[in-house]
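Visitor: Pasting the feature list from TrEMBL:
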- 29-45: compositional bias 'Low complexity' (COMPBIAS)
- 49-60: compositional bias 'Basic and acidic residues' (COMPBIAS)
- 78-96: transmembrane segment (TRANSMEM)
- 78-496: domain 'Major facilitator superfamily (MFS) profile' (DOMAIN)
- 116-137: transmembrane segment (TRANSMEM)
- 144-163: transmembrane segment (TRANSMEM)
- 169-194: transmembrane segment (TRANSMEM)
- 206-225: transmembrane segment (TRANSMEM)
- 237-259: transmembrane segment (TRANSMEM)
- 311-332: transmembrane segment (TRANSMEM)
- 352-369: transmembrane segment (TRANSMEM)
- 378-397: transmembrane segment (TRANSMEM)
- 403-423: transmembrane segment (TRANSMEM)
- 435-456: transmembrane segment (TRANSMEM)
- 468-491: transmembrane segment (TRANSMEM)
Amino acid sequence: MATNTYPPGDDPEVLDVESKASAYHSEKAPSASSVGGSSPNVAVVTGTKTEEHDARPEDFNISPAEEKRIKRHIDRRLVMTIGAMYCVSLMDRTNLGAANIAGMSKELKLIDNRYSIVSLVFFVTYVLFQPPSTVICRKIGPRIHMSVLTTLWGSVMIGMGFVKNWGQLAALRVVLGVLEAGFFPSCVYLLSTWYTRYEVGKRNSVFYLTGCVASAFAGILAYGLMQMDGLANITGWRWIFIIEGVLTCLLGIAGYWLLVDFPDSSRKTWAFLSARDREWVCARVQADRGDVVPQKFVVSKYLSSGKDWKVWAYAMIFFNTTTISYALSFFLPVILNTGMGFNIAQSQCLVAPPYAFAGFVMFAGAYVGDRFHIRGPIVAFNALLAVIGVPIMGFAASAKVRYFGVFLVTAGANSNVPAAMSYQANNIRGQWKRAFCSATFVSFGGIGGIAGSLVFREQDKLTGYKPGLYACIATSLLTLVLVACLTVSFWRENKKAERGEKELEADDDDAQPGFRYTY
């Protein structure tokens, strides 16, 4: 392991690096230098006096080996921890499909549109309670915020295993939406603060890929839990909720120690990076996009981020994506069972391969995006996969060919979740605009969940769910249109910036010059 070295002239016995790191969190941090892309001076507390220090990455004498060590440590603690927690989050909100064909629909009498209602009510509170989530996360810290939410929604999941009627199930889904609302936008926001713009693509993919693993094997796990039918006089579908709820609670408790705070925060994180390492991370992010220093929170300025039409374009892309991905998670077991003729066991297990394939497509897209500094073409490619796959899934004569279409749709929709996350993260600047954009972005994803829970209606079963298929095609085509509009806008704005006519994303007082949009 590389030994710690300090910037020249700094005595490690005198330098209070904890105070130095916390200086990034101070609203009094000086403005960015106007010198082409240089990092700003930040206040450094040494002993009892405050001095100015150029927080540039090269000042820390970090060797390449030590740089790799720090990045690997962040990846393990941050990406894998929130990925595992998102894994259970995705399982907990989408296991209705598995429970439905495992006997829940008969026992709770989910006739007419009751199943769609139970699916839908989750997203009402999920959307309503998301906007303040990133602000709360920044104020109290992700360790408390995210671990408490995870433990509480795990408890609700356990309760869903003991409901007596469909109304109780719907009520608990409403509560589940309140608790899960704050988790995903906090994850998106937290990830974006630790990495530079062209490192975040692969990390977003690994984070969401972990969730895809959950989706891939949730059906197999559900089938295994169904075999507990009759144990303790509890039916099999109830064990799906109970056991997965217990696993969620355990992971939520572990998350209190495993989760990490924002890199500029002076709050303690258990057995993680030194303050010097965190400050180096802050310096890298500051040099990359110049927004590591949070401004003082002002409600009017926070909400003014909504004046930028691009924020809503990113959110609409995410709506289009989640409409399809949630529709698949809720209804794919049902479609495989009733629409393609597979039995219950086959339907539960055949969910896995398309999600595994989606994982490969997802990471390949992230690698290309980070390598060549592009985002929009990746989003467009994934949307094209869905446009091609939906007609095959819905209209092919052979069940095997239709199942091939499921691979394309699943890959296109799910790969676009991290791709869209990276697209918006690369093209916004400012801590509070980033927080606002993360909240609206994920809120629209929740609205997509509402749409996804309604597109494949029970009354459309005899027609092969054609209205739902048309809706999925339309959302994918709209994504292509939005990416084209954003690309044209980025090209025009970048040209103006290159001619010196304007600075891009320069709403904050200390915004650095030189920012460019990523196509």
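Glycine residues also receive a Cβ, built from the backbone N, Cα and C atoms like all the rest.
Note that the structure is predicted; figures quoted are calculated from it, not measured.
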Visitor: Most CB pairs under 8 Å with the transmembrane segment (169-194): which of 78-96, 116-137, 144-163, 237-259?
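Guide: Comparing 78-96, 116-137, 144-163, 237-259: 116-137 has the most Cβ pairs near the transmembrane segment (169-194).
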Visitor: Please work out whether the transmembrane segment (78-96) lies in contact with the transmembrane segment (378-397), by counting C-beta pairs under 8 angstroms that are 6 or more apart in sequence and asking whether there are at least 3.
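Guide: Contact criterion not met.
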Visitor: Please identify the stretch among 206-225, 435-456, 468-491 with the greatest number of Cβ pairs below 8 Å relative to the transmembrane segment (311-332).
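Guide: Between the candidates 206-225, 435-456, 468-491, the best contact partner of the transmembrane segment (311-332) is 435-456.
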Visitor: Counting only pairs 6 or more apart in sequence, are there at least 3 Cβ pairs under 8 Å between the transmembrane segment (206-225) and the transmembrane segment (435-456)?
Guide: no
Visitor: Below 8 Å between Cβ atoms, which of the listed ranges 116-137, 237-259, 435-456, 468-491 makes the most pairs with the transmembrane segment (378-397)?
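Guide: By Cβ pairs under 8 Å, 468-491 leads among 116-137, 237-259, 435-456, 468-491.
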Visitor: Using a Cβ cut-off under 8 Å, which residues of the same chain at least 6 positions beyond either end of the transmembrane segment (468-491) come close to it?
Guide: 310, 313, 316-317, 319-321, 323-324, 327, 331, 376, 379-380, 383-384, 386-387, 390-391, 393-395, 409, 412, 416, 427, 451, 455-457, 460, 517-519
